Structure formats: C-alpha cells, structure tokens
C-alpha cells in the first residue's frame, strides 16, 4: 500500500533534466498536458474500433423483423445470419495475434476496418441470403481482430498509472455501440443502420494516419529509432523518456534471447501461470452467462411474465452504461482484483435472482414476484458485469503476456472468448427448455467460482509497468539481460 501511495503521489511523467525552479514546473505541466493529449487522442482512435464492435454485436436484434420481411427469410435463415458473426470472430481471433505481430497494431486495426466496411456494404446492398451471411462473416473477422488488438494497443501506449482506466474505455465503447444500435434500430431501417455501421470504421481509418504505433511493438520487432520517436511523441516533447526507454530495451533484450514462440510454448512452466489467468478469466467471463442474458434478455423478460421485452431491455441499457463508466473511474483507485471480485459476486447474485424468478413462475408464487425478481436479477447482472467482468479480463490479458508470446497467447485467449460466446449462445435455448431455473443456478455457480479464481490466481497489476508484471509471472525474465 505504501508503494502504491508513493506512485500515486508522483507526477504523471518525469520531465527532462536541466530545468530548475518555475521553469521546471512549467515544463512539467506543459509536457504532462501534451502527453495526456496524445495518449487520449490515440486511445480515442483505438476505441472507435470498440464502438464498431458494439454496433456489430447489437445490429442483429433490432434488424430482425425488417430483414426477414424484406428478404423473405425463414427464422432458421435469420438465426444463421445472427450467429455466424461469432464464427467469423473466431476466424479473426485465430490469426489476430499473428497479424498484429507481423504488421503492427495500427495496420491490424486498419485491416479490421476494411473487413467491417466490406461486410456492412454487402449487407446494405444485399438482395439475398448469401450476401447477408458473407457480409456478416466479414464483420465477424474484423471484430475478432479488434477484440484482441484494441486492448493490447491501449495497454502498450499508456503510462502505468493511467493504463487500467484507459483500457476499460474499450468495454465502455462496446457497451455504447451496442446500445446505440439497439435504440436506432427501433427507428430506422436495417439498411440505414448498416450504413451507420461504416462510420466508426471510416473515422478510425482517418485517425490511424496520425496515431503513433506501439513503442513496445517497434522495440520488439527491430525499429529502435522509430521506437524512441513514438515513445517521445506519446510522452510529450519535454519529457525525459530515458528511464522508460531503458526498461523497455532491457526487457526486449531478454526476450530476444528466448526461443521463437510457438503456440505449444504457452503451456511450458514459464508461461503457464499467465495462460491460466488469461484463459481462465475469459472462460469464466463467457460461461458465467453474459451472452445468454444479453442476447436473450427480451425473451427472458417475456418468459418471466412481462408483456413486452422492450421495457426491460431499455432499463438494462440505462444501467450498463453508467456502471461501465464507474468501472473506468474506479480502475486505478480500487485495483483490478477488488473490482473483479465485486463484479463477479454481483453477477452471481443476478443469476440467482433470475433463477428464482423462473422457480417462482414454475411454482406459481405470483406474477408480480416473477417480474420483480427477473427485473432485479437482470439489472443486477448487467450492472455488475459492466463494472468489472466485462472489461477487466481484456485489460489483464493485454498486461500479463510478454511481447514475444503476446501473439500466440492473444490468439488463444481471444479464441477461447469467442468460442465460449458461441457455445453459451447456441446452447442457451436448449438449457432453458431442459430446466429454466437450473440453468441460471449453474451460471450463478460459475460466477461464484470466478470470485475464488480471482482471489487465488489473478495478480494485481495496478501501478506496475508491463515489464514488471510480465517478469513477476515468468521466471525466465527475472534475471539480468544477456550480453
């Protein structure tokens, strides 16, 4: 705690030596302001992709009646259109780490934008079932890349005392994008909504022209001159970057002497802790029932006794956005672990309440009780998930893997996330038929297990550099650099 208090009292960035008195204070204020402006602008460009991600996930629900009517689709054909996004995302996830390592973080975001633009144009001008599905797969591949590269890029460019808060803006923008798609979809046609889906991609493509590349990627892949120039741009012209640059160089030098990474290397002793944390958090995030509740919230409300699902859906949106914002504000104050445990405990309570609502309905305990429990449960789940479990696993994933393993590890973790999403989404209706309240009690158990998992295995990464975090989890990186 003493170390954290000392870190909190330090200025955002150290300023260049050689100044004194008022001049030094003025330079500090100027360079700090310049640094924050560049990091904020770069993060804003990156999370335009997160906003695109949210719009893509939220697109299919409000578009269903219009697409089925205009293109004469059966329910089975539209269900394929809705779910095939996840298949595309898994394909994107498989190659996400490799692509980001080979062409850089900025180029990977640009590729994802082009895939999403192509997909939305195919949907906008589609005249049949095939155009829709090809477009949806293309969008899925794009957001599969985005789901990995955006949190990684943000974590690599931000100072350690701002990294957590900035990284969780990723989840906040996903939430905003999905909410906007749902609201706009009730007023405009599905073709117009598809055109709107292109806008964040175009904004990000323009922003990427002037956004700095990740200094850590440049250092790892042999661009030492560009690495220091981009780091200076991110930290401000008057800022002394020598200490941070030396730390990154030393850590990169250690990585250069390690063997070239392969997927199987992730399961060696040196990396197994980080892999267990990354994969475990993603699996628990998905199997805790988030996609079951989000994708089928309207149906759950109706099943629990509401006359329409729209009221409950709008209430859930109204809770999720401010809770995600609160999570952003608390990230660097409370730390990752406490927020994760509180969030997981809240999702456990939410699932228990929804399960009890179905139990009350089955035993005819009163319609008002069904509705009250369902509404309270879904709002508790949605708010709690948005507070921490939605964004923090992606933050931690971007922090714990050394850059020589980040490509393979990121692909694995992102694939696990999308595979879990597809599994839960596909099986949920069957589980609901099998045992409605039992399904949510299972989800509650998994959320409860998440609290134990975080307490036992997940490290606190608040206030530490990426190099410190990665060295603490990997014995081969704790020694001095090889000469």
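Glycine too: its Cβ is placed from the backbone N, Cα and C atoms.
Source: prediction; values computed, not measured.
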Which one of 6-26, 111-131 shows up in TrEMBL as transmembrane segment?
111-131
If you check TrEMBL, which stretch out of 241-266, 371-396 is marked transmembrane segment?
371-396
Interface present between the transmembrane segment (434-454) and the transmembrane segment (338-359) (three or more C-beta pairs under 8 A):
yes
Going along the chain, which residues at least six beyond the ends of the transmembrane segment (137-154) come within the CB cut-off of under 8 Å?
43, 46-47, 49-50, 52-53, 56-57, 84-97, 99-100, 105-106, 108-109, 111-116, 118-120, 122-123, 163, 166-167, 169-170, 197, 214, 394-395, 397-398, 406, 410-411, 413-414, 417-418
Can you tell me which recorded stretch out of 111-131, 166-184, 310-331, 408-428, 434-454 has the most Cβ pairs within less than 8 Å of the transmembrane segment (271-298)?
408-428
